[in-house]
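In what follows, a structure is listed as structure tokens, so that the remarks can point back to it.
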Amino acid sequence: MGAMAPRTLLLLLAAALGPTQTRAGSHSLRYFVTAVSRPGFGEPRYMEVGYVDNTEFVRFDSDAENPRYEPRARWIEQEGPEYWERETRRAKGNEQSFRVDLRTALRYYNQSAGGSHTLQWMAGCDVESDGRLLRGYWQFAYDGCDYIALNEDLKTWTAADMAAQITRRKWEQAGAAERDRAYLEGECVEWLRRYLKNGNATLLRTDPPKAHVTHHRRPEGDVTLRCWALGFYPADITLTWQLNGEELTQEMELVETRPAGDGTFQKWASVVVPLGKEQKYTCHVEHEGLPEPLTLRWGKEEPPSSTKTNTVIIAVPVVLGAVVILGAVMAFVMKRRRNTGGKGGDYALAPGSQSSDMSLPDCKV
């Protein structure tokens with residue numbers, strides 16, 4: 001990563017650990033683009049990563065020995081050579097545009113050319129189970145903060161600061177929202193449907209969670225009960241703790257669903273309970289891979305000595321998954337701004353079936 005700051009690495013890791021959230025039964029196509037300047041270490045590093053339903057399927061990395069769009073899932077390998085050549089050309093063109101924008105951002109924010117800066121973009125669409133558009137995304141960021149984003153109406157922009165207001169006005173004059181909306185409502189949805197069809201054995205499968213409860217004594221004398229759900233797909237899952245049939249929403253700690261690094265996901269929910277009262281509490285797990293919801297409780301047949309082993313089982317996949325994804329993704333964390341200038345952000349959306357499945361704005365300023 002060269003000169004990337006530790007803070008940026010932590011933010012990227014946090015983003016990598018957290019899959020995007022979609023409505024149960026829906027599907028998503030997302031692209032995450034990152035350009036990181038690194039003075040003294042050559043040109044900025046540029047990466048693109050594509051996800052279908054939180055599963056990485058394509059990647060481009062300018063630091064690769066032979067930078068090209070690469071398949072990251074077996075089902076995408078069936079695309080022909082023209083697909084990979086087209087996507088590689090587009091990615092290399094966008095790489096140059098993002099590098100120009102990084103330099104422009106320095107002028108907008110009166111920053112020194114000696115530091116490392118990050119420009120990121122995320123776009124994609126969510127569709128219902130019947131293929132209808134649920135929501136579109138088109139967001140830019142710079143150096144750790146939001147910059148500008150297309151609103152849910154896909155017609156207007158939200159600008160985060162004064163510099164972004166300049167961009168908003170230019171994009172409004174150029175009709176950028178209309179062109180972005182056309183992509184999100186058209187090509188994005190069409191390509192997502194195609195990917196779901198081609199990768200149905202992987203993307204439309206259901207892996208039920210393996211669930212168990214662990215027991216952790218606290219210095220205060222009470223106990224933490226933690227309910228684990230492992231190895232499930234898709235990512236949508238519900239974990240709740242109950243006491244006498246009532247959900248303990250306020251008392252419960254719930255982590256974000258996290259990738260395990262093997263194509264499945266993990267999650268846990270915990271609650272602090274009085275020592276000796278553990279069996280009064282039940283964990284409830286709901287997932288589309290289960291024929292019916294699971295109900296679990298801590299039992300005397302499951303001794304506290306097993307806690308360490310169970311914790312290690314989940315910790316190792318989470319860490320490995322984070323490393324794999326961080327190395328693969330440079331994942332999206334909403335950043336501060338996106339720059340346009342003299343040409344007002346010209347967009348290249350190729351029409352027809354041979355068009356790219358992903359269209360980025362021409363970032364020239």
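Even glycines carry a Cβ here, placed using N, Cα and C.
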Next on the checklist: From the disulfide entries in Swiss-Prot, identify which of Cys125, Cys283, Cys363 pairs with Cys188.
Outcome noted: Cys125
Checklist outcome for this item: Filtering Ser97, Ser305, Ser356 by Swiss-Prot annotation phosphoserine leaves Ser356
Item to check | Among Ser112, Ser129, Ser353, Ser359, residue that the record in Swiss-Prot marks as phosphoserine | outcome: Ser359
